[in-house]
């Protein structure tokens with residue numbers, strides 16, 4: 001197959017940042033993707049509908065002329081979040097989901113939830129009105145190994161929450177383990193998972209073998225090869241409970257290349273090329289559209305995009321920049337460590 005035409009994709013987990021960084025990265029998303037769930041972990045975080053309204057306006061202002069893109073806003077869940085404010089934002093159409101960050105789990109998550117009981121009034125209201133909860137599924141207790149955080153989160157936090165509130169709609173974001181995949185598959189209702197393009201490509205060797213490679217470090221951290229293969233199988237299966245969420249997370253290079261580097265991989269610019277490569281390897285190009293363009297909208301109660309894009313396979317590798325330049329500084333682009341021959345042509 002030399003070309004494939006699919007409905008315009010969406011990104012169900014995206015970091016756009018703010019200010020000069022937002023202005024420098026947004027075109028890489030809006031050029032290809034029609035919609036994206038926007039992460040709220042700014043400094044300070046997006047915790048109220050008023051915050052979300054202002055952030056959405058900044059995003060739309062940063063869009064290049066002629067780009068059609070809809071930011072789907074989220075709120076950062078805290079122990080003091082107002083159920084009434086969440087419901088008002090959801091009913092207005094502004095808020096698509098609320099994001100749960102266990103405190104300390106990832107970038108700018110220190111204001112997240114430490115005591116789930118204090119967040120229950122909001123979660124109960126969300127369950128009542130059908131508003132999804134997006135979760136960063138990792139525990140942060142120091143005695144838990146970083147490679148086990150997702151599995152322990154499922155057992156100690158997520159499963160008890162879902163048993164208590166079975167009507168709450170939950171998205172496990174950036175699933176990285178076979179444990180997460182199996183847990184989603186076993187659920188009868190109200191559970192789905194997003195998968196990144198980079199977790200389909202790298203395992204933890206990419207970070208550690210031959211020297212520490214900070215531009216492959218993200219949270220949740222890449223896992224063993226058996227987990228990567230489980231993610232691939234889920235992504236290409238056509239199962240409607242799995243969909244693309246890039247978790248594209250730009251950091252300027254000095255914040256990655258240092259003694260205590262930030263977690264995050266910047267993938268927006270080459271995500272679709274990487275995915276076409278992966279799905280071709282798995283003999284599943286006919287299911288790429290489901291993963292990128294159909295399953296996510298169905299889960300979030302939206303219509304799929306009417307616009308189409310075409311990916312073409314060319315003989316010579318596609319050349320992506322090693323870095324992009326923003327007003328905040330240079331950002332290194334994800335390198336899948338093999339040539340990419342698929343690219344978006346229309």
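Keep in mind that glycine also has a Cβ here, set from the backbone N, Cα and C atoms.
As recorded in Swiss-Prot, the features of this protein are as follows:
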{"type": "ACT_SITE", "residues": "247", "note": "active site"}
{"type": "BINDING", "residues": "13, 15, 99, 247", "note": "Zn(2+) 1 binding site"}
{"type": "BINDING", "residues": "15, 16, 17, 41, 136, 219, 251, 263", "note": "substrate binding site"}
{"type": "BINDING", "residues": "99, 136, 174", "note": "Zn(2+) 2 binding site"}
{"type": "MOD_RES", "residues": "99", "note": "N6-carboxylysine"}
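The structure, with features from Swiss-Prot marked on it.
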residue	record	Cβ within 10 Å
13	Zn(2+) 1 binding site	26
15	Zn(2+) 1 binding site	24
17	substrate binding site	24
41	substrate binding site	22
99	Zn(2+) 1 binding site	25
136	substrate binding site	25
174	Zn(2+) 2 binding site	27
219	substrate binding site	20
247	active site	27
251	substrate binding site	24
Check the DSSP secondary structure of residue 13 (Zn(2+) 1 binding site), expressed as helix, strand or coil.
strand
Residue with minimal Cβ packing [other Cβ atoms within 10 Å] among the binding-site residues 16, 263:
263
Looking at the recorded positions 13, 174, 247, which ones sit with their CA no more than 10 Å from the CA of residue 41 (substrate binding site)?
none
Any idea what DSSP makes of residue 219 (substrate binding site), helix, strand or coil?
coil
Please state whether DSSP places residue 263 (substrate binding site) in a helix, a strand or coil.
coil
Taking only the Cα atoms, work out how far residue 15 (Zn(2+) 1 binding site) lies from residue 251 (substrate binding site), in Å, as a whole number.
10
Using a 10 Å cut-off between Cα atoms, which of these recorded positions sit near residue 17 (substrate binding site): 99, 174, 247?
none
How many whole Å apart are the CA atoms of residue 174 (Zn(2+) 2 binding site) and the residue listed as 'active site'?
7
Could you tell me the C-alpha distance between residue 13 (Zn(2+) 1 binding site) and residue 219 (substrate binding site) in angstrom, no decimals?
13
For Zn(2+) 1, what surrounds 13, 15, 99, 247 with a Cβ no more than 8 Å from their Cβ centroid?
14, 37, 39, 41, 134, 173, 174, 245, 249
Alpha-carbon spacing, residue 219 (substrate binding site) to residue 247 (active site), which is rounded to whole Å:
9
DSSP three-state assignment for residue 99 (Zn(2+) 1 binding site):
strand
